[in-house]
Structures are given as structure tokens and as C-alpha cells.
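K.L.:
According to TrEMBL, the protein has these features:
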- 4-77: repeat 'Solcar' (REPEAT)
- 86-168: repeat 'Solcar' (REPEAT)
- 177-265: repeat 'Solcar' (REPEAT)
- 6-27: transmembrane segment (TRANSMEM)
- 47-69: transmembrane segment (TRANSMEM)
- 89-107: transmembrane segment (TRANSMEM)
Amino acid sequence: MDRPGFTASLVAGGVAGVSVDLILFPLDTIKTRLQSPQGFYKAGGFYGVYAGVPSTAIGSFPNAAAFFVTYEYVKWILHTDSSSYLMPVTHMLAASVGEVVACLIRVPSEVVKQRAQVSASSGTFHIFSNILCQEGIQGLYRGYKSTVLREIPFSLVQFPLWESLKALWSWRQDHVVDSWQSAVCGAFAGGFAAAVTTPLDVAKTRIMLAKAGSSTASGNVLSALHAVWRTQGLSGTAGRRQMGSLFIRRCSALELVARPLCVSPAPSRAHRRCRA
């Protein structure tokens, strides 16, 4: 991988991730409270929608940067020609590896953030300290498996679809898509992927918010989904679908950051990737 491309992926991915996560944090809080076992209003409703933002502010840049750099690096290693029918497979593999790496940073930040979001009266540092005292380091990684199980299917749907839509649009207009066009493609791809993986996202949230020692806290995704189904039915697994449109902001932000950094306009490297 050439050095300028590596640097652009690192900086563009990190800056785009931080910008979007902070700007749209209230929507993420609402999503978490909709998925919480105590219900939306008991979890805080519309009050204190920036609870947990310090955790996101600290973890967002390294999380996003780790994903984008890994994604680009794996693509470079596989080195599939842009016209090859194997290109979607390359995108899937690169995105999957990127998610596994990024989750090492994302999960601890996500655990602290989500618990703060449903306990607005407790400070982020207080929640972080309690997790370490009561559960140790493993408490910060509770939900790692469920997060990976959510992120990989999401990426397997999202990235190949986004890349294919951009390639098709570029081909039809005979030049590389603009930032707004990439964002439109991302909105469709991200929204579709979010709808498909909503139940897994609900399970992930329930596992992270569960009381220590409970059956849900063990991290069993099927058990968490069964509990949601038993208490809330099908509607209980729909707490994330309305958030799929967040992907359009991530794509747009990533394109606007990457282009001034002189990311190569070649179809195989032009558009830097992002997640919901």
C-alpha cells in the first residue's frame, strides 16, 4: 500500500467517524433507549441525550481509523482487479476483517456509552469505574461476540452494495461519482443493511445493558433474542431500522474529508469506506 493512501484512509476515516458520531449522538441515544429492556421513557426518554458522549469522543477516532485502514490494507493484499467478478468478495472479506479489528476498540467504548445513555444521572467515568470494579476488563468486552456477529453481516450487505451502486452510477455518467452521489448510494446500502441486521443489534444492546450475572449477560445472542421475542414479540426487534439513514452522513463526511487529502480518484481506491 502506498503511504499517501494509507495516511488518507487513517485521517479521513478517523475525522469522518468523530464528526458523525458526535453530531448524531442524540439519535444514537434514542436508538439505545428504544432497545433497552426497561423501555424508552424509563431509560431516560428525550432527557439527557448527550449522556455518554465522552466515551464516544475518546473511542470514535481510533475505532473508525482502525476499520478504514484495515479495510484498505486487506483490499490491497487481495489485489483484485476492479473489473473482476471477485471484487464483491474482496469487499466482503476486507470489511469483515476490518470489523473484527475495529471491535477491539469499539466494544469497550460502546459498553460504557450505552450504559451511560440509559443512566443519564451517572457520569461516564463513574460507569467506567464501576465496570472495572465489578466485572474487570472482561466487563468492558461484554458483547464483543454479539457486536462482531452484528457488524460482519451488516458489512457483508452494506459494502458490496455501496461499491456496486457507485460503480454502476460512475459507469452510467462516465466519471467517478461525486460526494453527494456516494452519499445517496450509501443511504440505500446502509438502510437496507440496517433493516436486515436489526435483530442482532437489539441483542447486542440487551447483552451490554444486562445486569452482571444474568443469563443475558452471558453473551448468548439466541438467548437474548428469545427473551426479546417472549416479552415484546416481533416489534421488540425493530429498534434499529429507523437509524439506517445514519450511514448517509458517514459516507458524505468521509468523501468530503478524503478528497481534500488527495485520495486517488481511481475507481478501485477513490471512495473510502464507512459503517453505521
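Cβ atoms here come from the backbone N, Cα and C positions, even for glycine.
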K.L.:
Taking a Cβ cut-off under 8 Å, which residues six or more beyond the ends of the transmembrane segment (47-69) line up next to it in the same chain?
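P.N.:
Hits for the transmembrane segment (47-69): 6, 9-18, 21-22, 25-26, 28-30, 98-99, 101-102, 104-106, 108-110, 112-117, 119-121, 124-125, 128, 272-275.
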K.L.:
Mean pLDDT for the repeat 'Solcar' (86-168), as a whole number?
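P.N.:
Mean pLDDT for the repeat 'Solcar' (86-168): 88.
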